[in-house]
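Trainee: Here it is: the structure, laid out below.
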Amino acid sequence: MDHYDSQQTNDYMQPEEDWDRDLLLDPAWEKQQRKTFTAWCNSHLRKAGTQIENIEEDFRDGLKLMLLLEVISGERLAKPERGKMRVHKISNVNKALDFIASKGVKLVSIGAEEIVDGNVKMTLGMIWTIILRFAIQDISVEETSAKEGLLLWCQRKTAPYKNVNIQNFHISWKDGLGFCALIHRHRPELIDYGKLRKDDPLTNLNTAFDVAEKYLDIPKMLDAEDIVGTARPDEKAIMTYVSSFYHAFSGAQKAETAANRICKVLAVNQENEQLMEDYEKLASDLLEWIRRTIPWLENRVPENTMHAMQQKLEDFRDYRRLHKPPKVQEKCQLEINFNTLQTKLRLSNRPAFMPSEGRMVSDINNAWGCLEQVEKGYEEWLLNEIRRLERLDHLAEKFRQKASIHEAWTDGKEAMLRQKDYETATLSEIKALLKKHEAFESDLAAHQDRVEQIAAIAQELNELDYYDSPSVNARCQKICDQWDNLGALTQKRREALERTEKLLETIDQLYLEYAKRAAPFNNWMEGAMEDLQDTFIVHTIEEIQGLTTAHEQFKATLPDADKERLAILGIHNEVSKIVQTYHVNMAGTNPYTTITPQEINGKWDHVRQLVPRRDQALTEEHARQQHNERLRKQFGAQANVIGPWIQTKMEEIGRISIEMHGTLEDQLSHLRQYEKSIVNYKPKIDQLEGDHQLIQEALIFDNKHTNYTMEHIRVGWEQLLTTIARTINEVENQILTRDAKGISQEQMNEFRASFNHFDRDHSGTLGPEEFKACLISLGYDIGNDPQKKTGMMDTDDFRACLISMGYNMGEAEFARIMSIVDPNRLGVVTFQAFIDFMSRETADTDTADQVMASFKILAGDKNYITMEELRRELPPDQAEYCIARMAPYTGPDSVPGALDYMSFSTALYGESDL
């Protein structure tokens, strides 16, 4: 064995020195190795017509071990011993171990005696050593060997499969997809890889094992259940089984490698030949193009016109922009292809490429240099010719442009200067025309330079013998003649404009003065007409007297106004005289005003007519206001008597209702006497109504002689009638309450005294200040203010009154009392409600319980009553009243037609609903 093989073997076998220490510590691994190594051995022993069943027993005599080595090595071993004795077996095993050692394999701690004794651990170690040497050691992938090479081969073959990731020879193979991927990569028709699932490892493993055994002649060396059931499958068992796949597919791989090598060599050769052909063709085409182009660039015959020379320049630019750049790229590509070809030939050990005669890179560079030299001279010649023609064309074009601009500017100028538009213009228009003329003169002076430039350019074109000089000279002469004529017309127009301006300025001053005096005078007349025709509404003598005084003052100003009118008309007459004298053609009327002398005279006549009409209207209105004043005084005298009388009666009635003088019958008698006296006063009210009607018909809206209006009198009269009627009714109700409840006059007086004590304002209600007085009566230090009495108490006043009379007022009790005295929740307690409540609390009155007891007597002590009993015991109308309102009785002792008198009784007193 040479040094390379020995070194490679020793390097790989070095990890097996740890066999005794680490191997077969796991029973699951031992089981996997037994099955795998046994299957591997049988795959080779079958070639010799035999096999083993028990790996540690069948190799003990050394015979099948020697046979296995002969089959896998292809060599003959020493003749075995056929004896059955132990010494014979040890001799045969030693021969086998010596053969293994002769292959450069270092056996560590493995002796013939352990094999003969059936030591499982040593036997499996020996078989693993044989597998490494004869099945795995020769595997090489990209300069890696043995285990690394086999792992790299697996990774390369399974790389296209995304759900396969081979990183080792144990857990990477547990899902079975790695074995299936190896088979599918080389024999895709054997496995439908798309149907496999990563979560079904048993199916995947059994599929791979069955297919490998059936179609690849690889025996089952592993159990799917053992691999799935082991956390970390045995690495050596997996490597042994995977190496069988490698050897099964290695033949196809070698053929593929050989074919690839041939194809690679042929492809390189074909590519080189194509590059040579491309170079020859490209070089020929490029040289032919250079040969055709150089004569075109050497042609230096000049053209007669600028257009023709520019066309030549445009053709040359097309050549530089469109035709030459592709050839530059071709030349560059030609050099790149040549260098690339030479490099590829050198790297592939081919002879260097030699182009045909005249097509070397240097030949092409020389031809290209000549092309660029000619090209440079051609461009210089074109530019010089173009500059020469450009100067002449520029001068001619400059002359035409300046001449056209000048002619366009002068077009219509002579007609404009001959116009007599100033004869009908106003002063403002004349001034505008003068300013416009000044601007034209400035513009004319500015164009003097252009005229001189035109003449200078024409002179230069003549000196350079321009082919179209005659037409240039004729055009230049026409421009100069026209220029002189424009100067003369400009001076003439200025003189006419200035003369007209002076005349119009004089007229304008007169117009302005006329406008300044006519406008205020016209406004005065319009104001006077408006005042004289203005309808006036007055309500007093003083107002009509003021209007009359103002009218007299106005009439006093009329003589001075007439003098101003005549002066204004004189200004207008002066303007007319100037127009007639100097034959001025007036284009319009006065620009400062639209007021004409005719309008002034017309308005003045109208003012004179309106003055007497105004005198008559003021006189008539003065008489009407005197009549109205008499009506005011008549109404005021009566109203000032009736108003206080009503107020006095109201106060007297209030005192009668509050004060406790005499019995209630005395108070009632007194009130009825008051009522009679009030009714007897009605004719005076009617008379006042008549006076008021006259005032309304005269449209009199105010009266300084009285503060009373008819509406105040009416409201006071109605309140007086209402108050006396209500007060009489209250006294009558108090008498009814007293008689019905059996209240004595002393009790009634006591009730009135208590109510009046807190009703300080005598209005029948108590406000916050009255309530303070109540609190003081209970011991609180609260100040009192003057009050007025209304005859009513609000909620808090009534509560204080009750407490002062001995009632114990809790919130619930007070709420109950307020629901009785103020059922409408108005927040006030009248004296009548107060009496009703106090009489109920002090008098012996009927209650719901008493009424129910009475009904029970009529019903014969039953809880219900019948219609017959009601009609028998009560008057007919009252019996029918009860029958119509009593609800049917629904108790357990009810009979047909029974009525519920209990709910009826409570409803009578508001304790339930009828």
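Just so it is clear, glycine is given a Cβ too, placed from its N, Cα and C backbone atoms.
Unlike curated records, TrEMBL annotations are generated automatically.
Okay, so TrEMBL annotates it like this:
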DOMAIN    31-135  domain 'Calponin-homology (CH)'
DOMAIN    144-250  domain 'Calponin-homology (CH)'
COILED    265-292  coiled coil
COILED    430-464  coiled coil
DOMAIN    746-781  domain 'EF-hand'
DOMAIN    809-844  domain 'EF-hand'
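Where in this structure would I find these features, and how exposed are they?
Mentor: The domain 'Calponin-homology (CH)' (144-250): residue composition by secondary structure is 69 helix, 2 strand, 36 coil, according to DSSP.
If one looks beyond the coiled coil (265-292) by at least 6 residues along the same chain, the residues whose Cβ comes under 8 Å of a Cβ in the stretch are 327, 330-331, 333-334, 337-338, 340-341, 344-345, 348, 350, 353, 355-356, 358-359, 363-364, 367-368, 370-371.
For the coiled coil (430-464), the residues of the chain that approach it from at least six positions outside its boundaries are 392, 395-396, 398-399, 402-403, 405-406, 409, 413, 421-422, 472-473, 475-476, 479-480, 483, 486-487, 490, 493-494, 497-498, 500-501, 504, judged by C-beta separation under 8 angstroms.
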Trainee: Mean pLDDT across the domain 'EF-hand' (809-844), rounded to an integer, is what?
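Mentor: Taking every residue of the domain 'EF-hand' (809-844) together, the mean pLDDT is 67.
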Trainee: How many of the residues that make up the domain 'Calponin-homology (CH)' (31-135) does DSSP mark as helix, as strand and as coil?
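Mentor: Here the numbers are 71 helix, 0 strand, 34 coil.
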